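Feature annotations, reproduced from Swiss-Prot:
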BINDING   ARG38  L-glutamate binding site
BINDING   TRP101, THR143, ASP166, GLN189, ASN243, THR244  pyridoxal 5'-phosphate binding site
MOD_RES   LYS190  N6-(pyridoxal phosphate)lysine
Amino acid sequence: MKPTRVPKNPCFSSGPCAKHPGYSIEDLNDAPFGRSHRSKPGKEKLAEAIKRTRDMLGLPSDYLVGIVPASDTGAFEMCLWSMLGCRGVDVLVWESFSKEWATDITKQLKLKDTRVFEAEYGKLPDLENVDFKNDVVFVWNGTTSGVKVPNGDWIPDSREGLTLCDATSAVFAMDIPYHKLDVLTFSWQKVLGGEGAHGMLILSPRAVQRLESYTPAWPLPKIFRLTKGGKLNKEIFEGSTINTPSMLANEDWLATLKWAESVGGLKQLIQRTNENLAVFEAFVAKNNWIHFLAETKEIRSSTSVCFKVDLSEEKLKELIKMLENEKVAYDIGSYRDAPSGLRIWCGATIEKEDLECLCEWIEWAYDLVK
C-alpha cells in the first residue's frame with residue numbers, strides 16, 4: 001500500500017546536505033553585506049566562526065583552526081602539496097575521494113616513496129600494514145562507500161610521520177581522537193548542512209613544525225601557501241583568510257553552529273546521527289533484498305550510508321526516479337564511481353522520523369519495480 005505520510009524534508013543528499021530543522025534565511029540578516037572581509041566586522045565574523053567551530057569540536061588548545069578556499073578539497077590539497085615529500089607516504093584507499101588523494105600523490109606530486117593500500121568498495125585496507133614512520137594519508141569516513149575507520153586505536157600516539165585525515169563526512173557525527181591526527185580537514189556543507197566552497201583546516205603543533213621546517217621542491221600557488229618567510233601565517237587561523245570568502249556562507253555556518261549548540265552540542269549531534277543509522281539497521285534486518293555496502297558493523301558509516309539493493313541497475317534507477325517524482329527523496333543514488341545502489345545521508349540535520357517515513361516509501365517503490 002502506498003504510504004500516506006511523507007518526509008518533512010526530502011533532502012537526503014550526501015553533500016550539500018540538508019539544512020538543519022527550523023532553518024530560516026532570516027537567520028542570515030546579520031551578515032556584514034558589502035563590507036570587506038578584512039574590515040573589523042568582517043574579520044570578527046570569521047574569527048567567531050573559527051572559535052565556535054573549535055569550541056564545538058572540543059579541539060586540543062594547541063591545535064589551530066582556519067577557513068580556507070575550495071571546500072574540503074582545497075583544504076586537503078593545500079596540505080598534501082605543502083607538507084608531503086620529505087619522507088615516505090602511506091595512502092589508504094577504499095572509495096573515490098581517497099583514490100583521488102592517492103592519484104594526486106603518485107601522478108601529480110609524483111612522490112616515488114609512496115605505498116598505496118587499496119581495498120574494494122565495502123571493505124577497508126589492512127590498517128596493521130601502515131608504517132607510521134611515513135606520512136599517512138586517509139579519509140576517516142569514505143563518503144562514497146559508506147565505510148569508515150572503526151576508531152583511532154590503529155594510530156600510535158607517538159609517531160614519526162604526520163597523519164593527514166580528510167574527515168569531511170565524519171566531523172560533528174563521529175568520535176574522533178584529535179590527538180592522533182596532525183591534519184584534519186572538512187567542509188561546511190556536510191554534517192551541519194552549511195554552504196559549499198569553504199574548507200576548514202585543523203593543524204596540530206607537529207603539522208606546524210613540518211610547515212616551518214620543510215619547503216617542497218615544487219612551486220605552490222597563492223591559495224596553497226600557509227607560510228610567510230618560512231613561518232606559519234598565523235593570521236589565517238585568526239580570521240584573515242587567504243582570499244575573499246563569502247560572508248553570507250560564513251553567516252550560514254554561524255547559524256548552523258548555533259543550532260548545533262541549541263540541540264546539545266557535539267555529543268547530541270553524534271547521538272542524533274547514530275539514532276538515524278539505527279533506523280536503517282532495523283530496516284535492513286527486516287528486509288532481505290537490501291544490504292549495507294559496508295561488510296561489517298564496525299566499519300559502517302553513520303553519515304553517508306550506502307546500500308546494495310537486489311534490483312538490476314535499470315530497476316534501481318526506476319525506484320530512485322519514482323521516489324523523486326513523489327517528492328519524498330532527492331539525490332539518493334550511489335556515487336557515480338561506486339557500485340550501483342542507494343546512498344542516503346543520515347547526519348545530524350536529518351530527522352529520525354523522516355528516515356522512518358522514507359523506509360516505508362523505499363519498500364513501496366521496491367515492491368512496484370521488482
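Just so you know, glycine gets a Cβ as well, placed from its N, Cα and C.
Note that the structure is predicted; figures quoted are calculated from it, not measured.
DSSP gives ASP166 (pyridoxal 5'-phosphate binding site) a strand state.
Largest CA to CA distance in the pyridoxal 5'-phosphate binding set (TRP101, THR143, ASP166, GLN189, ASN243, THR244): 28 Å, whole number. The two recorded residues, GLN189 (pyridoxal 5'-phosphate binding site) and ARG38 (L-glutamate binding site), show a Cα separation of 24 Å. Cα distances from LYS190 (N6-(pyridoxal phosphate)lysine) to the binding-site residues TRP101, THR143, ASP166, ASN243, THR244 are smallest for THR143. Spacing of THR143 (pyridoxal 5'-phosphate binding site) relative to the residue listed as 'L-glutamate binding site' is 34 Å (Cα to Cα, whole number). Using a 10 Å Cα-Cα cut-off around the residue listed as 'L-glutamate binding site', the binding-site residues TRP101, ASP166, THR244 reduce to THR244. In this structure, TRP101 (pyridoxal 5'-phosphate binding site) is part of a helix by DSSP. Ranking the recorded positions ARG38, TRP101, ASP166, LYS190, ASN243 by other CB atoms within 10 A of the CB puts ASN243 at the bottom.
Long-range neighbours of THR244 (pyridoxal 5'-phosphate binding site) (same chain, six or more residues apart, CB within less than 8 Å of its CB): HIS37.
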